[in-house]
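Here is what TrEMBL says about this protein:
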{"type": "TRANSMEM", "residues": "47-62", "note": "transmembrane segment"}
{"type": "TRANSMEM", "residues": "82-106", "note": "transmembrane segment"}
{"type": "TRANSMEM", "residues": "118-139", "note": "transmembrane segment"}
{"type": "TRANSMEM", "residues": "151-172", "note": "transmembrane segment"}
{"type": "TRANSMEM", "residues": "184-204", "note": "transmembrane segment"}
{"type": "TRANSMEM", "residues": "224-244", "note": "transmembrane segment"}
{"type": "TRANSMEM", "residues": "265-287", "note": "transmembrane segment"}
{"type": "TRANSMEM", "residues": "329-349", "note": "transmembrane segment"}
{"type": "TRANSMEM", "residues": "369-388", "note": "transmembrane segment"}
{"type": "TRANSMEM", "residues": "394-414", "note": "transmembrane segment"}
{"type": "TRANSMEM", "residues": "434-461", "note": "transmembrane segment"}
{"type": "TRANSMEM", "residues": "467-492", "note": "transmembrane segment"}
Amino acid sequence: MMLQQQQQQVSNGNNNRIVAVNVTPSGTPSPNHDSSKLDQTPGWKKFFTYVGPGFLVSLAYLDPGNMETDLQAGANHGYELLWIILIGLIFALIIQSLAANLGVCTGKHLSEVCKAEYPLFVKYCLWILAELAVIAADIPEVIGTAFALNILFHIPVWGGVLLTGCSTLLFLGLQRFGVRKLELLISILVFVMAACFFGEMSYVKPPAAGVVEGMFVPKLNGNGAVADAIALLGALIMPHNLFLHSALVLSRKIPGSKRGINDACRYFLIESGFALFVAFLINVAMISVSGTVCTAKDISAENVERCSDLTLNSASFLLKNVLGRSSSIIYAIALLASGQSSAITGTYAGQFIMQGFLDLKMKKWVRNLLTRIVAIAPSLVVSIIGGSSGAGRLIIIASMILSFELPFALIPLLKFSSSSTKMGPHKNSMIIIVISWILGLGIIGINVYYLITAFVGWIIHSSLPKVANVFIGIIVFPLMALYIVSVIYLTFRKDTVKTFVEVKDDPTMQTHMEKGFVNDGQLELSNAPYREDLVDIPLPEGPRL
């Protein structure tokens, strides 16, 4: 048997992309021909082999931060901010698919490509910002879990905050029975929450005209509309999700041919589209229920008070029409599942970020505990001082922080996925480049505008002494300038590192490879983007020298 093997090693990274061609004489089948079998597999069966990453990532779009911002947006503005959900999840589908494509086409996830591309100082800055994004995303999970424990067992919110670290460690411990089973359990519990809101939505019957208008007619009327819109975007489009999705796809076996990579990208897009469509419907249902109940003409005085200060801890009254007395218990179970599932995805994302930027190993429970301790500190202080309403406001602040940090993950992803040096022939089409950059720069522009106007307005109306305002301005305005300069640097910096290597510069061979045969013999393609170190999402054994 003749063996022709071509190895492609990506510089500044850990991945060796190998394409092996096994040719047996006279068309005799090779004993190992996984790719040939995969090519002959029906499309729907091949699709199911790729299902998983998109659904796990989509759980982050149903976390307590989303619930809080959705319910408050509905209570404060009715259906007027539904267009944010529509635009946000369309944009989420685009960038999540770009993240998946980056992992499939390069065999490396986003943090590894950042490490290969950027100078040492920039790399460490991006790592710190990515870690802060994980912590900011973990705060809603901490508070949401604390609220769930408060509803179920009447534990004070601050006590629930302290218990959240243990609860997530317990869920991570259940992985010994299989990650897939754990994901399925969590997904079922989260969809119980979805069923509750869909059932309530069918009961309160929000006006179709109002929902459609809110979804397609952009409005930012009323006090705090801009802040609520930014919080919605921050809760929907999370920076750490981009790192997570680009790594999760590497746990699937993908033929290392152009055709195999294109098929994988298409299947991951379909899966992400379906998962995010479900997330979109759930988010719309939550806003519609909250908006209908809190803007009803015959609303009771008790519910008016609840709607004026709506938090996750008090939102179970929205489901009483459907669930009656059991509404609070079922709502709390769904909230607990939402918080824990999102916390697990955050832990995974944190592992990939640390491994990609620093090549460091950390056990799951240690990583989770450290992240939780940092997230617990502000949650504990706020819950003790401000109670449940203060903790609810902290969720909004965390979502806004995520929105402000988004450019530092989004801009590298948009640049890498549009670069021929990173993606080769699989780079984004011009249409995708234009759409993704318009949406991305639009969100960044909104963030910068709000950051400047909100701070200037606060300075003007502040009751602090003028000297204190001057000192605060001296500190904050340079930080704003640094933020804008950093975004400009990432946007216009030219990529210098090439991480894509062609399989073979031979059109005839490429055609045979895509068909699965060479010289009337069987062709075997190794699974090029497949990463053994990411199958069970462990980390490498230690730093590489």
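Residue 1 is the first one shown; counting continues down the chain.
Placed from the backbone N, Cα and C atoms, the Cβ positions cover glycine too.
Remember, TrEMBL labels are computer predictions, not curated facts.
Scored on C-beta pairs under 8 angstroms, the neighbour of the transmembrane segment (265-287) with the top count among 82-106, 224-244, 394-414 is 82-106. Within the same chain, the transmembrane segment (47-62) stays apart from the transmembrane segment (467-492): fewer than three Cβ pairs sit under 8 Å, each pair at least 6 residues apart.
Spatially, the transmembrane segment (118-139) is adjacent to the transmembrane segment (369-388); three or more Cβ-Cβ distances between them are under 8 Å for residues at least 6 apart in sequence. Here the transmembrane segment (434-461) sits apart from the transmembrane segment (329-349); fewer than 3 CB pairs are under 8 Å, leaving out pairs fewer than 6 apart in sequence.
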